[in-house]
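**Student:** Mind looking over this structure? Questions follow.
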């Protein structure tokens, strides 16, 4: 039986997808079911996520037609289909990564765009992302004339060298991702919020650096094949995996920063359920205690802090002995 790395490709694509999926769904629930409103960045994120689903399905197609096998083990009658699936994968990758970065830009504009320099910076990154996404997709689509030359060796024509476009795409991806990660970390660090909440958000940004790692590793692996085309289907099996890591870490980061309404809605119910199952006291009141001191009534009917989730502009008000106001996150 021919040696294959197909199972590794399938696993490497499906595991990141299903790890990020709960966070993506939690964001949709936060916006649609809890807040009852979708923003532009939600629709852009959805477009990028749909493209990532296409990549997931395409990874199965690529394995079916030869990805992860030695060149000599790929049946001649499937080579054309294998090349078509690779062509589709590149288009989906460019579109998905572009939409995910644009979604983060738009969300950051809504949350952090309080000053003119910040808005100019974020608009610059977003316009750069969108224009280069369109340009790279167009170049990848039309760099062979006729287009069928990409998968049909019998067709006569001309293909432009796609190496400059590949490196330009890598450079723009690295630049925009690094800028967004650093900008987000700086802005989160300046927010007035509970230290634990701030650490969680900074941790989310920290995980986002896996995107940069994935871009670099993927670029290095493909660069080796550009220099030496021999046995490409076997040697580049992990480029699909690193693409999946990059995209799904992006989905996680963009989703996690906007799922606070979901967490606030679900977490107390889960904790209450856990405590009721173990005989705990979470969620129980301490009873009514009343006494009068110098004519002033002191009543403690329960000791839990009340929290009211308001709209984004109003923020979150926590009522304790005093009223504390803190800015809301993207939720």
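Using the three backbone atoms N, Cα and C, a Cβ is placed for every residue, glycine included.
Please treat TrEMBL annotations as automatic predictions, because they have not gone through curation.
Computed from a predicted structure; not experimentally measured.
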**Student:** Using TrEMBL as the reference, determine which range in 67-88, 89-110, 199-220 is annotated transmembrane segment.
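**Tutor:** Feature transmembrane segment in TrEMBL: residues 199-220.
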**Student:** In TrEMBL, one of 6-26, 279-299 is tagged transmembrane segment. Which stretch would that be?
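**Tutor:** Of the candidate stretches, TrEMBL labels 6-26 as transmembrane segment.
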**Student:** Quick one: sort out which of 240-259, 300-319 is the transmembrane segment according to TrEMBL.
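**Tutor:** So the range that TrEMBL calls transmembrane segment is 240-259.
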**Student:** What stretch, picked from 6-26, 38-57, 120-142, 166-187, 199-220, has the most CB pairs under 8 A with the transmembrane segment (240-259)?
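**Tutor:** Looking only at 6-26, 38-57, 120-142, 166-187, 199-220, the most contacts with the transmembrane segment (240-259) come from 6-26.
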